[in-house]
Each structure stands twice: as C-alpha cells, then as structure tokens.
Amino acid sequence: MIEIFRVVTKGRGRRVRSVKNSLNCPFPLLFCCGMFCAAVLENLGQTIIPDLGSLESQHDFRTPEFEEFNGKSDSLFFNDGQRRIDFVLVYEDESRKETSKKGTNEKQRRKRQAYESNLICHGLQLEATRSVLDDKLVFVKVHAPWEVLCTYAEIMHIKLPLKPNDLKNRSSAFGTLNWFTKVLSVDESIIKPEQEFFTAPFEKNRMNDFYIVDRDAFFNPATRSRIVYFILSRVKYQLINNVSKFGINRLVNSGIYKAAFPLHDCKFRRQSEDPSCPNERYLLYREWAHPRSIYKKQPLDLIRKYYGEKIGIYFAWLGYYTQMLLLAAVVGVACFLYGYLNQDNCTWSKEVCHPDIGGKIIMCPQCDRLCPFWKLNITCESSKKLCIFDSFGTLVFAVFMGVWVTLFLEFWKRRQAELEYEWDTVELQQEEQARPEYEARCTHIVINEITQEEERIPFTAWGKCIRITLCASAVFFWILLIIASVIGIIVYRLSVFIVFSAKLPKNINGTDPIQKYLTPQTATSITASIISFIIIMILNTIYEKVAIMITNFELPRTQTDYENSLTMKMFLFQFVNYYSSCFYIAFFKGKFVGYPGDPVYWLGKYRNEECDPGGCLLELTTQLTIIMGGKAIWNNIQEVLLPWIMNLIGRFHRVSGSEKITPRWEQDYHLQPMGKLGLFYEYLEMIIQFGFVTLFVASFPLAPLLALVNNILEIRVDAWKLTTQFRRLVPEKAQDIGAWQPIMQGIAILAVVTNAMIIAFTSDMIPRLVYYWSFSVPPYGDHTSYTMEGYINNTLSIFKVADFKNKSKGNPYSELGNHTTCRYRDFRYPPGHPQEYKHNIYYWHVIAAKLAFIIVMEHVIYSVKFFISYAIPDVSKRTKSKIQREKYLTQKLLHENHLKDMTKNMGVIAERMIEAVDNNLRPKLE
C-alpha cells in the first residue's frame, strides 16, 4: 500500500503530506483505498504555483531579452510574430536618467529586475523594446503561454465554453415591428453576433470536455489580459521584516514603472493592416462611439468582450435607464403640454392679472424698512407660468413616476439576471485579494479564528474603532459645512431680496417687457440658484479629494470594500450638496414666516422668506432647471475637453518625432490613463441625476426629458472617451452595479414621500381643491355652484397697517397711497375678529386635506410598488431554463466523466494492489 502511494505521489513535493494524512483513517481497507484514490486524483488535478521567492537581494536575475522594433506599427505580437502581447509595462531606464540620485535609481532598478525575474519564473514570457521617440523609455511586452493561461484560468474559476447553446430563441411578440428594431440595431454583417455557449469553470484535467476548436482563440484577448493582470498583481519583488511587497500597482505608484496596460487592437479611425487583427476598437468607434450611431442600440456583447464585464454592465445599465426614461419623458411632456394648453383657463391666474382684482389688491411688505407695499398683479407673469406646472397633470405625473421607478428597478433586475447568465457571472467564485495598500500596513499578528493560524492585520480592534470614529466625524463635519453653505445662501436670499425690492420698479410699465418678468422674487430666485450651483460644484471638487483621503485612512481590505465605502461617503455628501437647496425651497421656505405684525426672524436679524402668492413651486422648478442643466453641460464639457486637451498637449510635445513609425504599444502609452476609481464618477453622475428625476419631479415634469437628452449624449461621450482618448482598461468581472442598486432603491422609496409632500405643501393644488369643493359654495362661500372664482381673495388674509410693529412703520408705502390695510398669504382671521390673526377654519380644512392626501397617495403608490415587485420575478423563466440547462450539462459532462476516470483509476490501483499482494505472498507459499 505504501509502495503504491510512493509511486503515485512521486514528485508531488509539498502535496505529499496532505495526501498521506488522508490515509490515516480507521475505516476498512477498501474505503481507505477509495479515499486514497480520491485524494491522489484531486491532487493530480491541481497545478502547484511555485513560490520561488526571487527577491531583490539575489543576483541571478532572469531578465527579458531586448529586441529592436521591427517597423510593424499595427503588430500585436512579439518580434517572432507568434506570441501575442497580453500586457505592456513601461519604465524609464535609470542609466539614461538625468538625475544625481544614483542610489535611488539603483534600488528601483533592483526591484524591477527582481519583479521581472519572478514574472519569468511564474511562466510569463517577456520581450523588451526601446521607445522610438524617447530612448529613455523601455516597453516590456508580456505574453502568457497556453500552460500559464490554463493554470490560472482554473485558479481564477474562469468559465469557458462547454458546448454551443442548444436552446431556441423565442420569437418576439412584436414581430410586426422587426423592421423598426432592425433600423435601431447594429448591422450584423459588420458586428457579427457572438455565439452562445454553455460554460463551466475551467479545469485542466478535464480539458477534453471543453469546446476547444482553436487554442489561440479559446482565451479571448480580454481574458488573457485579465489573467496576466492577476499574475502581475501578486508577484513579489521585495521582502522586508517578513512582509512581502508585491504587485504592479505598487510599482507604478512608486514610479518604478511609469505605466502598465493592455493594448488596443488597432487604431480607432482605420482597420489594422494585420489580417489576423479583429479590429474591435475600430468597430466600436464606428458603430458605437461615432455621432452618426447615436440612434443605434449599443453592441453590448462586443463592449463586454473588449472591455470586460465591469464596463459592459455600466453601459447596459445606462442604456436601459435611458430607454425607460423615454416613457417617462413622453408622459412628462404630455403633462407639461396639458398645463400649457390649459393655462388660459386658469381662473386664479386671471384674477391675479385682472386690473380690477389683482391690480387693486395691495400686498404687505415682505421685509422691514426698505420693502414697499406692492400690487398683486406684478406677479402676473409668474402666475401664468405657475399654471403650467401646478396643474392636475402634475398630480398624475407624480403618481406615474412612483410606479415608473418601481418598473425600472424591477425590469432592470431581470435584465441584469440575463446579463449575469450570458456573461458568465452568475456564480462569481473568484476570491478577491487584499489591496496592496492594505497589505503594506499589516504589522500586527493575530490568530485567525477559522484557520487557527497566524495572520497579519493593519491595526487592532481598538485602532479600527478609532479610525471609524475619526472617519465618521470627518464626514459629519463636511456635511455640516454643506448645511452651513445652504444657510449662507438663505441669508443671501434674505439680504438681496431687500435690495431688489428697493431698486426694482414697483409698478408695471407696459412699454418695458423686462419689468413684467423681473420681479424681486424672480431676481432673487435666479441669482441665488446660480450662486448655489457654483458653490455646489466648488464643494464637490474639494470633497472628492477629502472623501478619498478619508477612505484611504479607513483602509478597507479589498477593492470592492474600498469602492463601496467611498460610494456611500460620496453619495451622502452629494445628496446633501445637490439636494439641500431643493429641500429648503420645497419644504421650508415660506412655511414659518408668521404674519406681518409678528414675523419670524432668522438669527434674530433676518426676516424669513415668503413665497409668491402662487407658492414656491415655480422657484423650485427654476432651481431644478439651473442645477440639472448646468450640471449636465459642465460634466459633458469636462468629459470631452479635458482628455482631448491633455492628448493634444502630448502630441504637441512629440511633434518632432511625428514622422517616425511608432508601434502599437507606444501609441497607447501616450493616451490618457483611466483614473483609479474607473467608472465611479460616471455612476455617481447618473445616480445624482436619477435623484433629480425622481425626488422632485412633481415640480418639473420636463426633468425626464432633460435627463433623456443628456443620457443619449452621455452614452456616446463616454464611448468616444473610452475608445479614442484613454488606454484600454484592464478587463474586470462584475456581477451587478454594486452599491448603486440599494442606493437607487432607497431613492425610489424616498421619492414617493417627497413628491407627495411637494404636491401637498409646496404647490397650491390642495388649497384650490378645498376651496372648490367646500369654500366656494354655502355654508362657507357665496356662489351657487362649484367654482374657482374668488379664490385669490379668499386665500389672502387682511392685515391692519396700524398694527405694524415699530421696526416696520418706516416702510415707504407712500407711492401707492395711504392704505389702512394690506393683504398677505395665509389663512387667518381679519383684524376686529375675536380671534384676529389666528388661523381660521379654512386653514384647518387645508391642513387636514394635505395630511389625508399624503397618507392616501403614499399608501396607494407603495401598494402598487409592492404588488409590482411581487408580480415581476427577478429572473425570467427563459433565463432560469438556461441556467438549469447549463447546470445539467456541467454535471453530465464534467462530473460523470470525472466518475468514469475515477472508476478507471481505481481499477488500475486495485490491479496493482492485487499484483503487489500476489508478489509478496508467492515467495512465502513457495
């Protein structure tokens, strides 16, 4: 038995002990043999990754060979034309640097040599070539041979094809619209559809079960680059105090390498001269990033194939969000047109503009000392515009958007499940490694509770608590800083309103059209919105750096933990930064102002702001328009101009060598690198927009239309940027959109509340309905039928000028005559009433109606949301069938074959055992 063990396990090295231990069992001999066979076969199916430990202290480095550039600018291969370039490392030759730091240069050179030597020892093949334009630069080309690819594909649990997909595609229910979808789709003769396969995690010892037609095409370029990057990120180059330093990221950050990137396959404007090149970059630019393809669907499979699943899932989500916005935009435009076409039938606006009604109503001053009395009809134009947005269509649209956001999230889950299956991320088994920054701080030794082995951590539990406390305090401080800026904007509004009230004309002059629109309220609102937008962008720029510093100090273990932590910090800040001014206008402005004889003061000095007689809804609309429009324009200009200008400057510096033929790797090196956070800012930009579209849409039905136009441009701008201005990103796997999914779900729940409260407390819809159904007819009204006539007079309370406090008596109201009373926006009893200046019965009716409306609207929409969530499964029936079919095939092809091999091997072992026993017993019998 032991002899057989020695024969089978010969050469297994470190695996011998684990296999030998599996034999020490108190079971019968036959079962022990079975356990032994399984252990041996399991170990035979695994390849050991050598831990060579070639660090910078040793002298026998294995270095890449230098080769001259062969003049083929489109080549993606080594000079031999056979080995494909999977990754490129760039460094500056220390011997040609113009610097006096010889000691530092020598250390960097030794680390790089140790690193490259370890890369070669791990099976990678390297070839170095000097730059054509700058002889100080050296490009190290990396190639992964077939054996290395197979080994690491098994380690990384990469799913690869088993057999072609044999499930039939269902015909579309909208067959008559095929001609329309064909126009929008990418031409299949240009970008051929990817063949669908059933896949399984790759295993070397079952290679014959996989669908390998051509070894060179079995691993596509994106997969090859991902495998090579996996190796590059984990190879060591230095050992200090028993702490290993490793990874290409740390070497790039320390300046030992200047860049590390996979290659684009060709130029984006023309096809490669190499007939074997797939020209995927050219196809992506032509059919995806070019402006003439703006109306076409995105080639998601090609995007995923070229850039990886993480980039693909972003564009899939953005495209799906944009498609859903089309429906919301159509309904929003319809509601806007409804309000626009019916503004002439707006009775209360006619009363404001009527010279015998609004022209004779004298309104009380809205500030102390400098503000005069004013006539109601100076708000005529703003009341007409308010009729467009504050209509019954707004209520319908708010309810619709509450349902729409649920449909969007639920259908996106289904679409995401389909992509997870099609892109082989259903069971993402790859264990994420710790970040190099985390590993570098691991100085404390603890015992792992699971493995009972020593491991290093960066700080103790007490140190972790201190870090979390400091980080939370820093985030809280910055949120308070944003709130302080919002208060500053409010103080600006209060201060500048006094100035505009004193400087702008008090009477409407028919010969000057500007006076009709430039009221003190409008001027204050527009200037405050512009200043608010500028402050938002400044604070945004500063806090981006602060949030990264806080997250770096927090030291998350993995890249996913890092991105999720940064996502929550950035979104919390952006939520307060972008939405605080909107929340103030919607729910606080004009709500706590008191009345002219007893106003409420901010900080004991500034009198609180009041809304227009029509409410604050129009001001909220103005704020949203400026912030949404300004943000979209600013971001798109920044995304287009910044990388283009940087590349233009780089080309200007290289103009002297422009006549030389440069290789593919040198062309890519001079493109812009993608930031460390990748698509984080793209997601953040879209989620902030999603918040504007959902949280405050009741005040601005055109918000989905603006978002739709922006997103159509955003998709192509991002595509153009990735395809033409940036180096090719390292392909990464991603199962979903990460932490952004729960953030959107939280926004969707909050949106129901905010829109219900906007309709109830910001718009005048509820007071108008209460007047129409209760106070226009007896016992409270004088009209014989339900009507909106008299609404303005009924909703403006009366104040006696003689009751002004001393600080208000100096108001210069002489220009409008010596009036004894003025009107103000509130529901209070008139002077002389036993309860003068107290809230009247109309006020309590309105409050009750508002609260009832909020409760009913929330419950109705939430009920519909939960029903939709329950009725729409997260995974479609077709996708479930494909997943089950794939599991069945995996079990059949892999596990059953594995059992057959195991049975065969057990038979061979049994024969050897019988033969050994026979050989031992025969001499004794003789």
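Cβ from N, Cα, C; glycine included.
Noted in TrEMBL for the protein shown:
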DOMAIN    77-300  domain 'Anoctamin dimerisation'
DOMAIN    303-886  domain 'Anoctamin transmembrane'
TRANSMEM  314-341  transmembrane segment
TRANSMEM  392-412  transmembrane segment
TRANSMEM  475-502  transmembrane segment
TRANSMEM  522-543  transmembrane segment
TRANSMEM  570-588  transmembrane segment
TRANSMEM  686-709  transmembrane segment
TRANSMEM  743-763  transmembrane segment
TRANSMEM  841-862  transmembrane segment
(Q) Could you check whether the transmembrane segment (475-502) packs against the transmembrane segment (392-412) - three or more CB pairs closer than 8 Å, residues at least 6 apart in sequence? (A) no
**Q.** Tertiary contacts of the transmembrane segment (841-862) (same chain, 6+ residues out, Cβ under 8 Å)
**A.** 398-399, 402-403, 752-753, 756-757, 759-761, 766-767, 769-771, 774-775, 780, 794-795, 826-828
**Q.** Among the ranges 392-412, 522-543, 570-588, 686-709, 743-763, the one whose Cβ pairs under 8 Å to the transmembrane segment (314-341) are most numerous
**A.** 686-709
Q) When each of 392-412, 522-543, 570-588 is checked against the transmembrane segment (686-709) for Cβ pairs under 8 Å, which one has the most? A) 392-412
Q. Do you know the mean pLDDT across the domain 'Anoctamin dimerisation' (77-300)?
A. 84
